[in-house]
Structure formats: structure tokens, C-alpha cells
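Peer 1: Just passing along the structure, written as C-alpha cells.
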Amino acid sequence: MVLEEGARSCLLRFRFRLEEDIKPTYLMDHMISDGVITVDEEERVKTQNTRKDQAGALIELLLKKDNRAYISFYNALVKEAYEDLASLLHSGLPNVSNPQQESSDGSAAYVQAILSEGGVPPRPIVFVSRPELVNQVREKLYQLQKDTGWITVFGMAGSGKSVLAAEAVRHHGLIKDCFPGGIHWLSIGQVDKPDLLVKVQSLCFRLEQSLESEPLHRPPNSLDEAKERLRFLMLRRYPRSLLILDDVWDSTVLKVFDVHCRVLLTTRNRSLTDAVSGAKHEVEVESGLVENKALEILALYTGMKLEALPEEARSIATECKGSPLVVSLIGALLREKPNRWRYYLCQLQQKQFKRIRKSSSYDYDALDQAMAASIEVLPDEHRDLYKDLTVIEKDVKVPAKVLSVLWDLEPEEVEDILEEFVNKSLLFVDSDNKPCLYYLHDLQIDFLMEQNRTQLESLHTKVVRQYQQHYKDGPPTSGDEECLYWIQFLTYHMAKANLTQELYTLMFSLNWVTIKAKIMGPAHLINDYVEYGSILDKENSEVRSQFQEFLSLNGHQLEQRPFPDVVQLALSQPHNSEVYRQARLQAQNRAKAGKLYFDLVNKSGEESLSHLVIHPHQGSVHSACFSQDGTKIASCGASKTLKVFKSTSGEKLMDLAAHDDEVLCCAFSPDGRLLATCSSDRKVKVWNADRAMLCRVFAEEHEEQVNHCQFTNTSARLLLATCSNDSVLNVKLWNLNKPSSQNTMFGHFKPVNHCCFSPNDRYLSTSSNDGTLKLFEVSSANEWKTIHVSDTFTENKEDVLIKCSTWTADGKRVICAARNVVLVFDVETSDMLFEIRTSRLSTVQYCHACPTSNLLAIAFSNYAVELWDLEANKKMADCSGHLSWVQRVQFSLDGSLLLSCSDDQTVRIWETKKVHTSSAVCLKRDSDVLFNNEEIIVSAADNCNRLQVRDGRTGAVLFQSEEKPSRIRCTCMCRQPSAVVLGQEDGTVQVLEVPSGKLLATLLGHTKTVLHCQFSPNGQTLITSSEDTTIRVWRWQSGECKVLQGHTEQVRCFSLLPNSPNDSRLLSWSFDGTVKVWDTESGEKLQDIEAHHQTILSCHVSPDGCLFATTSVDKTAKLWQCESWQCAYTLIGHQECVRSCRFSWDSQHLATGDDNGEIRLWSVKNGSLLKICSRDSKDGMDSLHGGWVTDLHFSPDNSLLVSTGGYIKWWDVKTGKALQTFYPTGSALKKIHVSSDFSTFVTIDNIGILYILQRVV
């Protein structure tokens, strides 16, 4: 980029003056630090003989440079007190322009479009340029042209940081050269995690909306997932863009945006970026406006020339103490009363306000006087209206329609009043938003809170009462800005107004849960139950916990689009739950109008599997651990405290203010007498756990936050290991008898998140952000092995962060967590043995291997805890109950208990056996069901390879076989005689009496897996098909058998032809692509049909026996005539394998389902396509049905269709619209059994849970 003509002209015009006066050596120091000239260039200038020659050489050099060099030279003149020379060059500054002139510039429209699209706020009504600061910020922004990094604009409250940041990016050349991907503004403020998640969700949505070709994703449902989404968008879609984070208070916020992008942030705390990685630059906004800028604002407000301002103006500028906000307040007053200069100066000089509370170190006196004076000149009725704004939360923008409700005035009248407040600088407006949004500066809210602190309750009460008056018929659901405000903040106003009864009524309402979850997502909703839990518990803690439990179990479903039916979700809650009671009532009422709902009949009676819940801290619980004997639990977290409890009762034993910052980890010594803690304050401390006394402090050696600490497993040679965010010296071993660390382990050059001793204490495993897991020898502190975990990932290897590691009890395997997977490695060979890839999209936060079994506990960022069997690589149980990110899990030493701690401020203790066995006896999906009036009998194999026959309603086991040596692959039942059949992988078929279990027959003949079995209607004949390509027809009581041979590949299924005389004809289909018709009496093959060139996946015979349908891997379905055995129609249109088909009961329609989740309805009469069922409702798995469509059934009147895939869906056959969806805990449903009246539905999911659903009437 060459020097702009205006800048070049200024340098040439004033060259003589510059050469006469400047000292180049002083100026070049600043320019080198700005990176616009090199040391070599400085040396060349210095080689000139005289100072004047050096000045000439410097100007010659500048003429060859770009705009950045000119800006740097100008700033250097200002810093070295050459104000007179700087003023000569001011008009040539390439990136400072008169706001009136800029609009005429051809590039202004482009700049405005970019900034508006990115949400950058417009210039304030009265705007004064601060060129030196603007140029400093732009100078730093140019340093982000090639590399990512952080620019911190910091200064006191009210110093104009936000306006400065917005002005700095209002420049065509800067955007074009550095940020062609756009400028994206996000107001942060003081936020908790749910609020932050909503802000990041909205940013991601805004970024995705701008991508025309990009399909819309569901919103990320955790901060970890949001960070990954943002990382993808910023790296892949907006690689050269700038993210501006306005008003950041907390360093933890920045960690979410630490995704290798370009960030500018405004803050009061300059040290925030210490917590993140990347290049860092700073611009300090020292004390607001200098005097001449304050005078300029006053001149603009009053319409006077600078030189014409009265003498009081300078004194007023001094009293305003540099605050643009205070100067604007006074300026607005003087615009209306231009003869009151002396009066307002006296007002500022008064000290009548004495603050009881101060929210920052800001000097409030000037602001208080200016605010009081501004409010004083308002009409009486407007003064009261302004007081109402006290209830607005900081960093919240409010639409005029909300205030129209609050003030009970017409919207046009409200807009006029708000315009008056804006003109007096008592309020700010975001006019880029349509409709306009209004907001107060933090300092103005502080003032109002202080002035009205005795009336806060009544002011919030007014908000609630006005809302109730306006929305008598129910909450707004439009989704506009007004609706969003009420849905987000109504509970806040009720809590602040102490309207506890209204808060109970609202939050214990399933209707409110539905509306808020649909409009805002579940994060805000869950946070409400945590934040107002203490208030709700006074009314009914049981009901509060029931609503929390419901949300924690279904939060991931409430993120789905299309939005699920909350009443249907709630019908799966325990019968004694208030959530279920309300859902049942609503379902019954809606069922009268024809709406479909299904009650889960066989739900567990247990409300929660957690054995004990402790609320130890205000704020997130970062770590919790058992003592070796399992009798105590220690916990620590954001509250900076360390607490110890009894693990049996939760009784508190110890409570210590442990550190000056968040406590990140705590650990018991092997004998339980000592407790170690480590913190963001960079200190490691050791405490006497019995006497609650501090024993040791290690404060010197770690220079960054200490993430984890752990003692050796035995006291034989007691050592403490710690790891930190230090770049090199980040893993240390401490001998508690020594004042400094015993050893430092070298190898990681990025933060180390976790360290863990092997069971025999010989090795220490360390998990780092560098993508490696290292094993160190404890005795020598030497590195033994490095496992490059990042190499196991195919995408973004450089961003693989290893969260933690754990060792199996035998020390032969080490396990680590990264992203959303857990990886298991062989310690000796460093080979990856297998990975545990859960179905969850969220990040694995922690994992811990049980010391006494093959179980592994995994903690997730989406509130879940799972137990996995390491031998089978299979999930054994879910531990549900947490309402926020689960940070840690740990088994007790004997493995009997498991604890988990979370950002929801709780520690939960689980009985391992109870949790494990609750899901341990799980059923296989191949099942059979008998419906007999109200009775539902289910037969299926369990995971211990025993055949079970259960009463579906009560769950009672009517019969259970002994464990079979060969895997059970199919089952069927017979009413008369009362018998059950099982087919096994070794080809054996057994018939057992129910309920005695007596072996009635063992049928040998198949040589491979038995895939399907079925009794004839009279129960005397049993038919089986097998992987060995044969079908066998057994007179099972005598053992007589006919073998139907002819297929060349496995026969997965068959069907008896309904109209066949004496039930003797059978139709079979196979992976060999053929359909065959047999006479079961003679064993004769009657027909052999080459149906498809590829595997046949399903077949169904029409109820009238005239037709049958086949579906295939070849993506087609075919209709066949049973008389001629000819193909009537080939049904083309599916884009994936067609996996299932079913005729309607009147034989007029055929439904087909494919592997993309699509269901098509066809006319049997002419083979035409009638409907594609809800093609537009793709889910988070990019499927229409959560997976393959595996089974289909019509209702007896042919008006409804039920289908299974990842979940169960019911459809309107006429319209093709989905009427209801049931989401199982697992997925991949294989088949569904339907009662003859279409009222009861039975299925089993892939994790072995049995579901019996009954239609609500």
C-alpha cells in the first residue's frame, strides 16, 4: 500500500519546518517499536552528518513508505511534544476524516455495509475524533494483517473505549488490506456461561447466515461445541476477519474465543489476555478525553465555535475528568439551556452525592452531578419514567415495545420520550438494529441503582405487573426483540421483586418451559433453575429438582430443529413427577382434538440414580476427589475455597478460603491426612486435612496457572506432581520436606492440563495442548515415551488438546481424552488399541478408570456422565442429573462409588453397582411380542446371552434361561402351547416351555447363524431361516424337518402367504437378490424370481395376498403380482438403500423407507408416488429419521403410519406430515411391534432399553 496523496502532500509542503525542528533519533525509537521502519533504516538515517540532514533523510524514507509509517510518524511527534508540527500533518492523516465528508467518499458505502453487517455500533450523535488514539489502534490492527493475535484496548469505565474501537475499524483501506472477511462485533459485559453460550450461538448463527451455500446447523449446545464451531467458521470461512469483543470482564470468556483468529477487545483489565495464546498488543485509553477534545464536544452540542466558548467551559471540562459520558450529559443540557454554563459548573462542583456502593474504581462525583442535573431538567412525568430504567440489566438492549408495556403508553409516544433521553445523553440507541434498541451505559445504571436502591423491589414489581396486565392470555411467542426480552428476563424481574409465588407458578409450568426452550434454547432455562433454586426450594424443592432432572435429561433434544413436542418428552418422566402430571393432563386434553401422544408405560420408578448430591460452592466446582478410604470428599472451584464432606451424608467437615483465585484441583494424600490444592493464582498449597491447617506453600516456581495436582498412590515415597500453563517448566515433582521442587520434567512446550501417576508410581503421564501424551520415569524425571495423540485425528491436528489421562488397574494401558473421543493406548508399544467414540457431539472433559474393574467413567461438556466397559468397548450406563458441564469424575479406591462434579455447583455421588446394573441387564433388539388384551409379553436375549420373557407393563421376568454358550440371534413365542424359541449363532434351535423353562425340543440342522424363526398359526410347525442359505420347516414336537434349499446367500427373513390354502405356501428372500416361493408341506420350490441384481433388504406381502413388494440395496422397490409372479412396477426415487416396506391394511398403499431416513408413500394401483414424508425436517445427524428407516406399520384404518429409525415417528398418511416423535435414550431401533388396535408400541434400542408406549386417550 503506497502513501496516500494527501499525506505525501503534507510532508512535502511542511518539509522545511520539519527538517528545522525535529530530532529524528527520538522519533525513530517510536517508529521502530511500531514496526514501520527497521533498525538498518535507522542506522542509514543516523549516518548523516547533521541533525538537519538526518531529518531530511527520515522524510525521504517516509515518502517511500506507506500510510502506516505516516501515522506512526504523526504519533511520534505527539508523544515527543511536537504538537505544533503534528497539527500541520493532521489534515494529511490518511485514516482520519471529517464525518460529514466521509459520507461523500465512494468507499463510505462499502465501509458502512461491512460494519452494519458485522453489528459494529454507529457513531454517537455527537462525535469527536481522537486521532492519536484512533491511529494507535489502527497501527496495532495493521500488525494483524499477516498473523492472528489479540489487541487489548483498556481504560477506566466511561473513557470511550467502545466508540474508539468502532471508529478504528471505520476505514476502507484497513478493511480491504487486513480484514476483507469482515468485522464482527460482539458485546460481552458481565456474563455467566449460559448467557455467553447464547451470545456465541448468535454470533455463529450470524456468520452462518452470511454463507449462502452453507446449510444451517443446529445451535451448538455447549461452550466447547460453540468454540469448535467458531474455530471452523473463523479458520475456514472467515480466515481474514476481525472479531471485536466489547466490554470483557473475565478472562474465562476469552478462552472461548481462543481459536487462532484476530481479536480486538475492550476492557477495564489489561491482563485478561494472559489467559490465551497468540501475539498480544495493547492500547491504553489513559484518562478519557484531553481538555481540547472535551471542549470540542461542548462546542458541537452548543453549536458554538471553540474560540467562542465562555470561560466556564474549560472549568467544566476539568470537572468532567475526561469522561466522554459526563461531557455529553452536560453538553446535552447546555444545548437546551445555553445560558446555564455557570449553573452547571456549580452543579458539577457540588459534592452532594455520597455513594454507599461503588462498582469500580471510577471517580463517580462528576458523573453523579451531571446525571442529577440532566434528570432534574426532565418533565416530572418523564423523570419517573427514567427511574423505571433502573431495572434494566447491564449490557442489555431493550426495544421500545417493552417500555411501551412498562409505561402503558402507545409505541409512538414511547419513541418520542426515548428520543428525548437520547438527545440528553441519558440513553443510547442502537439504530443499526431494526427496530431500534435502547441501552444505558454501565455507569448510568450504577447511578440509578444507587439513587433508587430502596425502591428496587417496587420498580421490578411494576415491570412484572405491567407484563401480567399486557399478556393476560399467555407469554409472547413471536420471537421478535420484545418477545426475547420478556422470555429472557421475566424470571429475573420476579426474583428481584421478591414475587416468589409468581416465580413458582411460572417456573413450575411446563408451558413456560416449552416457550422459553423453543425461543431461547435450554441453556438459559437450566440456568434459571440453578440461579433461583434457593427461592424455588422454599416452595417445593422436590418439584424444582423434577423440572431440573427433566431438563438435564432432555436438554440435547430441546436443541433439535424442528423443535420437539415438550409434552411428549415429559411423558417419559416418572409417574410421581409434577412434570409428568402436567404433561399427562395436557396430552389428554389435546388427544380430544385428535393430537397423538404416547405414554411410556414401563418407565423406571427410580427418580435419580445419584446416591447423594452436595451443593458445596457458589460457582462452578472444578475438582472433587475421594480420600483413599472413601469416607471423605474434597471439592474446590470458582469460589476460591476448599471444602471437605462426609461421603455418606454430605455433612461438611472443613471449609477453607484456600487461594486468591479459582482453585482448579484438589487431591488427598494416600493416608488421607494431607490435601493438596493448586490454583489460577499460580500457587500450590498443602493442607493438614484433619486440623484444617496450611502446611506448605509453593508459590515461586510456576509462573502461570497450575492446572492439576496429584499425590503418589502409596506413601512409601510420597511425592506431589503438579502441571501448569507455563511454556517450558510446566511439570514438577515436589518432595514435601524440601522448600523447592525436587524435579522438573521437560518435554512439553505448551500448557499441560493434567498429570497422573501409574498404579505402581513408576511413571507419570502428562496431557498437553501440544497434542501429545508423555510418560516420564518418576525416579529420574526423564522422558520415557511420547504418544502423538494428534496423529490419530485427520482434521486440524494442530488444535488437538489432550484434556487428561488415566491408567488401567494393571498399568498396561493408558487412556486419554481429546475432543469428543477417548483413546486407549498400550503402554509398552504406544500403539492405539481402540477408541471410545460416543454418540455425543460434546467434548470429553475428563475420564477415570476404575481401580477394581474394567469400567471407565467419562465426563462430558453436555451435562452427561457415562460408564463404559473397556473390555467390550461398550457403554454400560448413563448417569443423568447434572445441569451443566461435568468437569471431573473419580471412582473410590474400592470402585464402589463414583463422584462427578459440575459447573452446576454440585457434586454427585453414585453407587457404581446400582448405576451399572440399572443398565447392565439390557436386552438385544431381536425380539418378539405377544399382545393379549392388556397383557404385553416380551421375549428377547439379554447382554449375558440369556433368553428373557418379561411382563412388559411391570418389568417382571416371567422366565429366564441359563446363559447360552452360543449367541442368541432370534426369538419367537407361541400362545398355544405356551412356548418360546431361541435361535443361536451355532445353528442350534431350542424350544422352551414358559414359564417353567422346561426344554421341549432341541432342533439341530442349521450349520450357521439362525437369523429368523416363526411359528405357524396353529403352533405345531416352526420355520427357521439361516446364514447357511437354507430354510427349515420343523414339526418341532417330533423333530421332523423339511429343508428348503435353493438360495445362494443368507436368508434373513420369510413370510407365510396369507391366502395360501392350509397355510402351506411360504415366500423367502435373500442377499442373493432372489425371491422364492415354497410349499412347506412338500418342500417343493414353486417359484424362483430374480427380483434384484443386488441384496434384497426387505419384503412384504399385501394383506389381500395379491401382491408382494421387495426393496434392495440398488435403491429401488418393486411391486410383484402373486398370481403371475411378474413385476408390476419398479418404484424409483430413493437416493439410498431402500431398507423397509409395508402395505396398508386395505392393500392400496405401500410405504418404503431408506437409509437416509426418507419415507415414500406409493399407490399400489399404478405405482405412482403419492407423498414423501416431511422431506424438510433433517435432524442434527443430517438424516430425516436419525438413521435408517428399519420398520413401518399402518394403522387399521390406514390413516396413520409408524416408522422406526433413530427414533419413532408417527405420520399422517394423507398429508405426509409428522404427527409425533418419540426419542429413545439410545438409537438405531431395529423393529417395532404394534398391537392390532394401533394403541401400543414395543421396541428396544441399541443400548438395550425396552420401551412400551401406549397412546394417550
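Please read every residue number as a count from 1 along the shown chain.
Glycine is treated like the rest: Cβ placed from N, Cα and C.
According to TrEMBL, the domain 'CARD' annotation covers 3-92. Positions annotated as repeat 'WD' by TrEMBL: 656-688, 745-786, 879-920, 1003-1044, 1044-1088, 1089-1130, 1131-1172.
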Peer 1: Mind checking which residues reach the repeat 'WD' (1003-1044)? Cβ under 8 Å, same chain, six or more beyond either end.
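Peer 2: Long-range Cβ neighbours of the repeat 'WD' (1003-1044): 969-977, 979, 981, 983-991, 1050-1054, 1056, 1063, 1066, 1068, 1070, 1072, 1076, 1078, 1080, 1082-1083, 1085.
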Peer 1: Going along the chain, which residues at least six beyond the ends of the repeat 'WD' (745-786) come within the CB cut-off of under 8 Å?
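Peer 2: Tertiary neighbours of the repeat 'WD' (745-786) are 277, 704, 707-714, 716-717, 719, 721-733, 797-798, 800-807, 809-811, 814, 816-818, 825, 827, 830, 851.
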Peer 1: Could you put numbers on the helix, strand and coil content of the domain 'CARD' (3-92), residue by residue per DSSP?
Peer 2: 68 helix, 0 strand, 22 coil
Peer 1: May I have the DSSP-based helix, strand and coil counts for the residues of the repeat 'WD' (745-786)?
Peer 2: 0 helix, 22 strand, 20 coil
Peer 1: Where DSSP helix means H, G or I and strand means E or B, what are the helix, strand and coil counts for the repeat 'WD' (1003-1044)?
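Peer 2: Within the repeat 'WD' (1003-1044) the tally stands at 0 helix, 23 strand, 19 coil.
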